[in-house]
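Participant: Taken from TrEMBL, the feature domain 'Major facilitator superfamily (MFS) profile' covers 16-475. If you look up TrEMBL, you'll see 12-31, 51-70, 82-100, 106-126, 138-158, 170-192, 294-316, 331-349, 361-378, 384-403, 423-443, 455-475 marked as transmembrane segment.
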Amino acid sequence: MAPSAKVQDGGWGWAIVVASFMAQLLAYGSPQSVGVLYPEWLHAFQESKGMTAWVGSLVAGVGLIASPVCSACVDNFGARPVTIFSGVMVAGGLMLSAFAPNVQFLIFSYGIVVGLGCGLVYAATLTITCQYFDKRRGLALGIVTTGTSVGAFIYATAQNELIELYGLDGCLLIISAVALNLMACAGFMRPLNMPGYYLKQKAALERNTEEQLFEKPPLDDLKIHTGSTTTTPEKPLTVKDLLITIDAKDLARQREKKKSSIVAELAIMKVIKKKQQSYIKYVHSMYEILQDQAMVAFCIAVFLFSLGAFPPVLFIEDVAQSEGLIEEVSLIPLVSIGAIATCVGKLVLGVLVDIRWINSIYLYAFTMFAGGVALLLIPVTETYLGLQVLSAILGFFSGNWSLTSYITTKIVGLDRLTQAHGILMFFGGFGIMLGPPVVGWFFDWTQSYDLAFYFSGGCVVLGALILFLLTLPCWNRKRSENDRPDVHYTSNCDKVASVA
């Protein structure tokens with residue numbers, strides 16, 4: 001069933017936007033403001049900063065690395081069932097985290113379970129939004145994706161107050177109860193297209209029905225009975241005749257089974273061969289994508305940016321307390337300031353990238369360089385106001401994450417967007433997973449955050465320089481300097497679902 005023009009770009013689609021916005025807010029609110037929980041976990045479990053940092057890094061990185069699996073679940077089962085299941089995962093993971101006996105259990109309950117649930121929510125909300133919008137898809141996706149930043153802003157303050165009132169365990173239990181509202185958000189996600197799993201079930205049911213209709217009836221049912229009441233005596237069968245009849249029936253059954261098994265084996269071999277060809281084609285396509293110098297530079301830049309720019313989200317509150325700039329988390333935490341700045345950055349950078357004379361790759365490199373400079377200034381900041389300003393600057397330029405799909409389309413084209421963006425998200429997720437533990441290990445080694453943030457800022461600045469130098473026009477042999485293909489967002493929801 002194809003989506004009608006009346007349904008798209010309005011109507012119930014705005015209810016989908018509101019539901020998806022709230023779903024991302026409820027799912028990503030706590031993970032995006034995990035920096036408020038980090039000092040509490042350090043005090044409760046008395047583990048090293050490097051070990052405890054794995055909790056925050058996994059909850060952010062697992063969803064990105066598992067994005068192909070999450071997209072496949074949405075394609076097969078639909079956005080509504082996946083969102084309901086993700087609500088159970090997020091709420092269950094938060095509830096288990098309230099009873100965590102050690103950091104290792106917290107890594108599983110909060111890092112992996114909640115992280116996978118968030119990845120499922122992200123894929124489901126973006127897919128269902130793209131199905132309901134065509135011309136206004138950019139606006140709809142922009143509204144939906146700001147749910148993560150708004151959630152981080154609200155949850156940072158809310159978790160701080162809940163910890164003061166009910167303690168860390170009570171805070172996590174209340175947030176897990178609130179996360180169950182993801183199931184209510186899923187109720188609004190009315191599908192336009194029947195998911196793949198239900199199409200397969202429907203096809204199998206129709207096939208079985210056809211087989212029953214065209215099944216050959218038994219010979220006894222085809223006999224014509226006359227109205228004569230006279231019966232002819234039947235000759236009784238001997239034991240020898242019965243044995244011959246039974247052997248003939250068994251032989252016929254064996255032949256039918258053998259024939260059907262041969263047909264089944266041939267069908268299985270055909271499917272396996274087809275799958276192997278598709279896998280070979282997919283690997284070859286990935287190899288061709290990684291042959292593009294600009295794409296390789298962009299992957300390296302995203303990895304280094306994720307490695308260096310994500311740790312402040314987790315450590316910035318502990319930095320303020322460790323340096324004695326503030327005794328406890330303020331009413332408006334630094335994480336909230338960074339989150340609202342990220343929301344503004346997404347919108348502003350999204351407007352700038354649509355300007356014809358602005359090169360999106362160089363714009364991304366500039367945001368990386370500015371963010372790296374902000375990171376390098378954190379160790380020399382001696383006031384809490386300075387940390388607030390740097391958090392706002394870093395949060396604003398971290399909004400460049402919304403440019404990744406645009407730049408990927410510019411580099412490899414729309415046909416390879418799905419595979420290229422999947423590769424890019426893998427590098428980004430890998431960097432997010434490694435960043436906080438590395439920064440924590442630097443602190444455990446030096447008992448100071450200075451060297452850790454110098455390392456983070458250096459990685460981000462290095463990534464900006466690599467992206468800028470490797471995408472200069474002198475390296476471009478395939479396109480001319482002024483050749484900038486127009487980006488037209490596709491209406492094919494399968495590609496956009498994989499990008500999610």
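Note: Cβ is positioned from N, Cα and C throughout, glycine not excepted.
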Participant: Who are the long-range neighbours of the transmembrane segment (170-192) in its own chain, taking Cβ under 8 Å and residues 6 or more past its ends?
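Facilitator: For the transmembrane segment (170-192), the far contacts come to 1, 3, 7, 12, 15-16, 18-20, 22-23, 26-27, 29-30, 37, 78-81, 83-84, 86-88, 90-95, 97-98, 121, 124, 128, 131-132, 155, 158-159, 162-163.
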Participant: With Cβ-Cβ distances below 8 Å as the criterion, list the same-chain residues six or more beyond the ends of the transmembrane segment (294-316) that contact it, or say none.
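Facilitator: Residues 32, 34-35, 38, 53, 56-57, 60, 334-335, 338, 361, 364-365, 368, 371-372, 375, 378, 387, 391, 394, 398, 400, 404, 407-408, 411-412, 420, 423-424, 427-432, 434-436, 438-440, 449, 452-453, 455-460, 462-464, 466-467, 470-471, 475-476 contact the transmembrane segment (294-316) from elsewhere in the chain.
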Participant: With pairs 6 or more apart in sequence, are the transmembrane segment (12-31) and the transmembrane segment (138-158) linked by at least 3 Cβ pairs under 8 Å?
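Facilitator: In contact, yes.
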Participant: Please figure out which one of 82-100, 138-158, 361-378, 423-443, 455-475 racks up the most CB pairs under 8 Å against the transmembrane segment (384-403).
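Facilitator: Between the stretches 82-100, 138-158, 361-378, 423-443, 455-475, 361-378 has the largest tally.
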Participant: Looking at 106-126, 361-378, 423-443, which one has the highest count of Cβ pairs under 8 angstroms to the transmembrane segment (138-158)?
Facilitator: 106-126
Participant: Six or more residues beyond either end and a Cβ under 8 Å away: which residues meet both conditions relative to the transmembrane segment (423-443)?
Facilitator: 48-54, 56-58, 60-65, 67, 286, 289-290, 295, 298-300, 302-311, 314-315, 404, 408, 449, 451-453, 455-456
